[in-house]
Structures are given as structure tokens and as C-alpha cells.
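First up is the structure itself, then whatever we jot down about it.
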Amino acid sequence: MVNRILVGAHYGLKDWIIQRATAIIMAVYTVIFLVVIGSVAPDSLESWRGVFAGGFMRFATFLFFISLFYHAWIGIRDIWMDYIKPDGIRLLLMIATATVLVGYAGWAIRILWRT
Amino acid sequence: MAEMAIKKKRPKNLDLPTIRLPLPGILSIIHRISGAALFLLLPFLLWLFESSLTSAQTFASFKGVVDNALVKIILLGLIWFYMHHFCAGIRYLLLDLHKGIDLKSAVLSSKIVFGVSIALTLIVGVKVLW
């Protein structure tokens, strides 16, 4: 006998998959970034900007940031769901989290495309 | 009926001081704490990233901030958090694939995560910060 109420919302499979997909994107980017930094060894503003000036690194860094913010959304939301029981405060914290993360995404894009 | 089945009493032991957390449990709570800390410090990290790229003046102030000994220690801690989250995350991906789920391998893989993440922190931290 299955003691679960199988009606209503989904069980979070989509978020579970996105959490892992974004983790893999960030892990691959981390390796690429460390290899690039290790070989370029940027020591000035020009060489450091050069790292992100190429189309590939700029796009890969953009993808990393978007993955980071979505990944953070799922992880932080899990923390609120685990520890914050009153619905109102939990909802408020979730909205605040989503709001700052969307803001960070805009900020990251501005940083990358102004360089 | 289903409601009652869900609300049945289960034994609980949440007396925190008497619980000795095993190594995979310590890894797990550091995974969560590191994720939360990295999230909380995102504005600081984005600001550092922005000032490192924007102009000669902001680059100079970026260097000034990063040259501060206290900031270096905070950044070294964040690099460790990142590396721990990274290595523990890869361990979780393997657990998702049912690799290493018996107790012995779970403890061994936890030791590997701690060893590799600390080694990576020292290598990357020393190279980037000093």
C-alpha cells in the first residue's frame, strides 16, 4: 500500500533535474576557467579582460552565471522549505531570493557585455 | 485515510548534542552551509568581478581590496566552500547513479571529497591570492 496522496503538484522532478544539469554546466566551466587562468596567467587589467573578450569565454561565463543563479534558487528555496515553517515568512523569503537572483543575472550580463 | 497514514507517529531523536554526525553527514551539512554562504556573498563577489573588469581605476581599487589580509582569508574560505561544494556535488551525482552507496564506499568517498577539496583550495588559493 502506498501511503501518499498522489494529487496536486508535481514532486519536483523538474527542479531536481535542473539542479543537476546546472551543476554539470558549472563544473565543466570551472575546469575550463581554471585551465584558461592557468595558461594565460592574467596579471594586468588588459590580460584579465582578454580572458572574457573572446566570444567563447564570454558566452561560457554567461552560461555559468545563469546556471549559478538557477542552481542557487533551487538550493536556497530548499533551505527555506526545510527550516522556515510559517507560510507567510517562507513565501516572503522565496520572493526575496528570486528577486535578488534575477537582479544578479542582469548585473552579470551588464558586467560581461560592457567589458 | 491517506492523511492519517501520513501523520502516523515515528520515533524521533533530535537531541542534537547526543548525535554524533558521521563523516558523510558532516560533508552534507558543509555542502549546505557552503552553498548558503556562497549565495549570501554573491553581491560581494559580483562587485569584485565587476571592479576587476570595468576600468583602470576600479581595477586598482579591486587590487586594493584583494590585497587586504582579512579579505584574502575570506576569499580563501570561499574558495574552500566552492571546492567542497564542487567535489561533494560530484559525489552526489555519482550517488544519484547508484555508484558507491554502500556504507564503506560512502565513507571513503567522503574522505576523498575532503582531501581533494582542501588540496584544490590550497593550489588555487595560493596561485590566485598570493
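Residue positions begin at 1 at the first shown residue.
Glycine residues also receive a Cβ, built from the backbone N, Cα and C atoms like all the rest.
Annotation source TrEMBL lists heme binding site at B:HIS85. B:HIS85 (heme binding site) counts 23 other C-beta atoms within 10 Å of its own C-beta, drawing on all protein chains shown.
The transmembrane segment annotation in TrEMBL covers B:21-49 (among others). Here the transmembrane segment (B:21-49) has long-range neighbours at 62, 65-66, 78, 80-82, 84-85, 88-89, 91-92, 106-107, 110-111, 113-114, meaning same-chain residues at least 6 beyond its ends whose C-beta is under 8 angstroms from one of its own.
Residues or ranges marked as transmembrane segment by TrEMBL: B:69-94 (among others). Within its own chain, the transmembrane segment (B:69-94) is flanked in space by residues 27-28, 30-31, 33-35, 37-38, 41, 45, 100, 109-110, 112-114, 116-118, 120-121, 124-125, 128-130, which lie at least six positions past its ends and keep a Cβ under 8 Å from the stretch.
What TrEMBL lists as transmembrane segment is B:106-129 (among others).
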